[in-house]
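What follows is a set of notes on a single structure, which appears directly below.
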Amino acid sequence: MRIIVTGGGTGGHVYPALAFISYLKKITPGAEVLYIGTEKGLESKIVPKAGLSFETIDVQGLKRSMSPQNIKTIFKFIKSTNQAKKIIKDFSPDIVLGTGGYVSAPVIYGASRLNIPTVIHEQNSIPGMTNKFLSRFATKIAVGFQEAANYFPEEKTHFTGNPRSQEIADIDAEEAISEFGMSLDKKTVLIFGGSRGALKINQAMVEALPKFVGKNYQVIYASGEIYYNEFKEVFEKYNIEPNIAIRSYIENMSEVMSNADILVSRAGATTLAEVTSLGIPSILIPSPYVTADHQTKNAEALKKSGAALIITDAELTGDKIIKQIERILDDGKMYRNMSDASIREGVLDSSVRLLKVINRCLE
Ligand SMILES: CC(=O)N[C@H]1[C@@H](OP(=O)(O)OP(=O)(O)OC[C@H]2O[C@@H](n3ccc(=O)[nH]c3=O)[C@H](O)[C@@H]2O)O[C@H](CO)[C@@H](O)[C@@H]1O
């Protein structure tokens, strides 16, 4: 199979694409893969590192309201579609898969103009603007949350879950935690604010860090690369504590998360796919700054099932984080119930399902 994969901007769009590619290569060793992203997005750092062929195009996101800036965007869209079409023609794929983010718009649209089958994957419970626009042109649509199917044409939409679930469920890497200087005998709380970090979570952590010192559980925190320097002094002070490890970004997140007992994080869809595939209880702080408040909807789906507690961004403090962590850790029954609910939400064959959807386009 020759496949072009596109998706980018943030980790939430890139990691599912990489997880699917890795599964595809495992079961179809001859598969030829080309990834199209942008220079600026996180994909330009992590896709080449994964050893994949990577090409870039210039893209600009659509604004919600009409403005002179948007007219420029339309011209840019036409230009980037032409760039994408040239790459697609040269590679001549059987199929093009898009996992969201601005970059997937010109690539999927361009492929559909060239009559090449396309599949888009929507990770969130409420679709983003790019996938809503592309839903008219895509051959098939795969969704990570059942709720998202309501926004797309029924006849071409399939529930697959998020490929990161299947990938992370197979991982068991105890050594990852020792690399952080942590103990295998203590409960581990993993905390981060999505792939880029979140200011509000960093501020709450500055308040919480002194209070984590000497606790009978350990804390691994990723601040996000753009925030690390801002709080460096505090982070360096507490990083030397035996039960605290602080990093700007965790590259081997799958391995680290597989050792976690509780997750505290934003409610990005890919993070939620990961945590449920491992059956880990979570404390979610949905970002209020995303399209259609989709993180609140993502988090509510997990809360409803009993797998997560929610702290709203407005009420977030260091003390609230600690209180909720200890509420779960100190109550064995609550812990087990949340963990059982979490694993029930996991879709452990998500890449198998996505490949089925792709193969149906090729019949
Ligand atoms: C602000 C914003 O627009 N957020 C969106 C973006 O988030 P974002 O990129 O933050 O998405 P997710 O939380 O879904 O995924 C983050 C990914 O980064 C990984 N990770 C995180 C921290 C770290 O140090 N190392 C690491 O590898 C996580 O394990 C996960 O795989 O895409 C998601 C998926 O469409 C959406 O649901 C989010 O609403």
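Yeah, the Cβs are placed from backbone N, Cα and C, and that goes for glycine too.
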Among Q60, Q69, Q83, Q295 - the residue TrEMBL places in the same UDP-N-acetyl-alpha-D-glucosamine site as T10, G11, G12, N124, S195, I250:
Q295
According to DSSP, does G11 (UDP-N-acetyl-alpha-D-glucosamine binding site) sit in a helix, a strand, or coil?
helix
Going by DSSP, give the three-state secondary structure for Q295 (UDP-N-acetyl-alpha-D-glucosamine binding site).
helix
Tell me, if you would, which residue among T10, N124, S195, Q295 (binding-site residues) has the fewest other CB atoms within 10 Å in the structure shown?
T10
Restricting to the domain 'Glycosyl transferase family 28 C-terminal' (188-350), report the mean pLDDT as a whole number.
97
Using DSSP, what's the helix, strand and coil tally for the domain 'Glycosyltransferase family 28 N-terminal' (3-142)?
64 helix, 26 strand, 50 coil
What number of additional C-beta atoms lies within 10 angstroms of the C-beta atom of G12 (UDP-N-acetyl-alpha-D-glucosamine binding site)?
26
Where's the emptiest Cβ shell within 10 Å among the binding-site residues G11, I250?
I250
